[in-house]
Amino acid sequence: MALVLIVVLPLAGWLVNGMAGGRLPRPLVSVIGCGTVAASFVASAMAARHLAVPSDALTATLFTWIAAGDFTVSAGLLMDRLSALMALVVTGVGFLIHVYSIGYMADDSAYSRYFAYLNLFVGSMLLLVLGGNLLVLFVGWELVGLCSYLLIGFWFDRERAANAGRKAFVVNRIGDAGFLLGILLLATTTGTLQFDRLADAAGAMAPGLLTATTLLLFMGATGKSAQLPLYVWLPDAMEGPTPVSALIHAATMVTAGVYMIARLHPLFLRADFTLSVVAAVGAATAFFAATIALVEWDLKRVLAYSTISQLGYMFLAMGVLAMPAGVFHLTMHAFFKALLFLAAGSVMHATHGVVDMRRLGGLAGPLRWTALGFAIGALALAGIPPFAGFFSKDLILEHAYAAAQHGGSVALWLAGLLTAYVTAVYITRAAVLTFFAPAGQRDHPHEAPASMGGPMAILALLSFGGGWVGAHAAGAPLLRVLDRFFAIEPAAETLPGAPLTAISVAVGVFGIITGLLLYRRRREVTLGALGAFLARQWYVEALYDAAVVTPAKRLARFAADVVETRGIDGAVNGIAGLVGQAGVAMRRVQTGYVRNYAAAILAGTILILSYWLLRGP
Amino acid sequence: MTVPISAYLALSALLFVLGITGVLLRRNALVVFMSIELMLNAVNLTFVAFARQLLAIEGQLAVFFVVLVAAVEVVVGLAIIIAIFRARDTVDIDDVDLLRG
Amino acid sequence: MAVELIVFIFAAIASVAGGVGVIGSRLPVRNALSLLLVLGSLAVTYLLLAAQFVAVLQVIVYAGAIVVLFLFVIMLLHKQLGKMSPDRLRWQGPAGLVLAAAFLTLILLTIRLGAAAPTAPAPAEFGTAESVGRALFTAFVLPFEVASMILLVGIIAAVVIGRPAAQPAAAVGRSAATPVGASRR
């Protein structure tokens with residue numbers, strides 16, 4: 001029952017804050033919002049203690065949801081080591097960001113609505129993570145999509161925010177269509193969506209069907225996790241409140257695609273082609289997004305592209321069978337990217353919403369602690385030891401290299417390495433421009449309140465030291481747990497660990513130095529034609545505009561102007577007119593004289609009678 | 001039975017057509033009503049005749065119910081005629097043509 | 001049994017004559033009395049057809065109640081009964097006659113077609129009040145009760161419809177409660 005409690009607690013918070021929050025005092029709203037998530041975290045931790053053996057799993061079946069012939073789906077929850085880790089990350093980071101929001105959103109008029117949405121998100125995400133079958137996961141998947149939409153468009157009176165929310169929703173729909181098709185294909189071919197029966201089911205599937213199913217499922221992942229070609233919504237999603245960006249669009253929701261592949265690893269491990277696609281898409285996205293982050297001026301959008309890039313790393317890890325490393329990176333990324341976003345939020349809090357790095361600068365003095373937190377997050381992102389990101393990113397690169405040794409493409413590793421370099425450059429650029437470059441004109445910035453500083457401090461600690469749970473030098477407790485869960489033989493022994501690590505550290509340091517050299521003095525570094533090309537996002541948005549958006553708008557206009565007015569309205573009005581004409585013609589029959597009616601009745605009777613007589617006996 | 005059943009039926013038909021003619025030609029609502037009674041009685045005659053021929057008592061029961069419904073119908077119908085008369089000061093059914101299209 | 005035939009012929013002539021009187025006469029009272037003639041002569045034919053109970057019913061209900069009701073109404077509306085608007089339906093008369101003739105022809109044709117089966121003599125108790133009542137209170141008890149309900153509804157309806165419209169409703173100026181026919185042009 002503890003499992004149910006984990007999911008239900010934030011949902012209860014949502015109900016209370018959503019229905020009565022407007023009439024409750026703000027401190028109470030905060031306590032309900034944060035308290036339910038904290039309680040959920042405690043419940044998750046207590047439940048996770050029961051998972052001593054890797055194969056252990058807690059299950060809770062609530063009721064039979066769908067029963068059609070032999071096919072049944074129950075509304076059930078499942079907690080094994082993977083979902084326990086995810087639940088802890090979601091509730092833990094979620095709790096910190098809830099607390100941060102108390103300070104960040106203190107002046108907002110829709111305070112209780114914000115917390116209601118946030119609680120709904122945490123509950124939905126937990127449903128996604130703890131779902132016992134693919135359909136329950138899908139429900140959570142759609143619910144977090146809804147929350148994402150609601151929170152991106154939280155300030156719906158701003159047109160940009162409303163448009164961004166709509167864009168996120170529409171783009172996610174495309175991926176979700178594939179995801180749903182994949183689920184249906186899986187259900188029809190194997191007859192089960194239950195996670196604990198997937199391994200057997202996958203073994204019985206034909207290779208072609210398995211590839212098709214996994215590719216469709218991966219399509220859903222590219223939508224939710226903002227991979228090529230469906231990444232376009234995530235940068236725009238930065239219109240939402242910054243804590244939302246930290247929680248949903250960096251730490252948790254966007255990793256749902258990675259989690260889904262990890263959750264369905266029995267399927268993906270048997271589909272070699274899909275895995276190569278996953279790896280290629282991941283590597284390409286990682287590099288692509290990192291290059292755009294290099295020229296983006298909006299601090300939050302830099303972080304958004306960084307998120308896309310890091311998610312690409314995770315998919316690369318999934319694709320090269322380094323699933324433990326991928327999940328490890330997911331966890332670490334949740335820490336340091338949340339930290340970076342919260343620091344960015346602190347900057348916005350101090351400067352009253354300025355995110356354009358051309359107008360920022362010189363904040364290291366007044367925002368000492370924020371700068372420190374951002375620096376720790378940046379170092380973790382850049383992969384500098386001993387920060388959290390170093391261990392996980394290094395592990396992924398090692399696995400990519402090992403995959404190249406075993407017949408894979410060396411391009412994956414090179415792309416990863418190059419991305420690591422670009423990553424170090426752009427995050428250095430962001431840090432320098434925001435905190436160290438000469439200050440623009442502005443009023444006096446002030447450091448964030450304790451409710452914002454506390455969560456940042458904890459995340460900074462996690463970003464600083466959290467990586468040791470996956471460090472081989474420290475015995476890598478997390479990796480050992482996950483290795484056994486995924487039932488993949490640990491590849492670490494076969495890796496040429498030390499030289500690779502040296503290379504990736506060198507790349508990171510080199511990138512930081514590059515960034516410092518480039519941006520230390522000058523603010524406007526445009527990188528020439530290449531910069532312009534990158535600033536246009538490799539013309540992907542333009543391509544979408546030309547290929548999809550404009551034709552769709554034209555089609556809609558055609559439908560509205562021609563089909564609607566002439567076709568449908570014409571048909572409707574024509575039919576109405578026809579009926580009207582008929583009525584005008586036939587009203588003459590209704591003389592109002594009873595005797596006429598009687599004569600008509602008699603005539604009818606005569607007709608029927610003659611018919612019977614003529615037909616004979 | 002010396003009188004054949006068809007004689008009764010022919011009489012019934014004659015009376016029924018007389019009723020029809022009254023309904024179609026007369027404009028006095030009361031006469032129209034009486035013509036309807038005439039038609040009902042014609043049908044009753046066929047019921048009784050067939051009951052006699054088939055020796056089935058149900059035919060006579062049908063007559064019983066027809067008489068009963070006719071009584072109700074006359075009561076309500078005459079009430080309507082009086083109401084119309086009060087409103088319109090006429091019993092000409094051609095003057096009551098509110099349903100004209 | 002020539003007596004039966006003679007009685008039938010007389011009854012038939014009387015009823016047809018009455019029918020012509022019902023539709024033909026211009027005087028309402030004469031119409032009603034012609035109807036009475038029809039009803040009476042039909043009661044005689046019922047007796048010929050071994051339907052004593054129905055014959056009695058015919059006399060009591062039709063002749064006794066319905067025709068009397070007609071006469072009441074005629075006397076109530078006596079003064080205006082002759083007033084008719086000019087005939088507006090020019091084709092109604094000829095068309096009605098043609099239709100009626102056609103209908104009569106068809107009906108007579110059906111009678112000719114229907115082969116009259118040989119008829120057995122009626123048992124003594126056939127058509128008596130006892131045999132009709134027995135059927136009425138056993139197999140037909142439910143329709144019988146329903147019929148009583150219809151009677152009740154009819155009585156109430158007649159009272160409601162026949163109630164003078166003018167006084168209460170019109171005095172208050174509301175039109176919602178006005179019964180059928182109370183609307184004015």
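Positions of Cβ are set from backbone N, Cα and C atoms, glycine also.
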A:117-137, A:201-221 - the range that TrEMBL marks as transmembrane segment: A:201-221
Same-chain residues at least 6 beyond the ends of the transmembrane segment (A:28-48) whose Cβ lies under 8 Å from its Cβ atoms: 2-3, 5-7, 9-10, 12-13, 16-17, 21, 58, 79, 81, 84, 87-88, 91-92, 94-95, 98-99, 101-102, 111-112, 115-116, 118-119, 122, 126
Remote residues contacting the transmembrane segment (A:60-78) - C-beta distance under 8 A, at least 6 residues beyond either end: 1, 3-4, 7, 130-133, 135-136, 187, 191-193, 195-196
Secondary structure content, the domain 'NADH-Ubiquinone oxidoreductase (complex I) chain 5 N-terminal' (A:65-115) (per DSSP, counts of residues): 29 helix, 13 strand, 9 coil
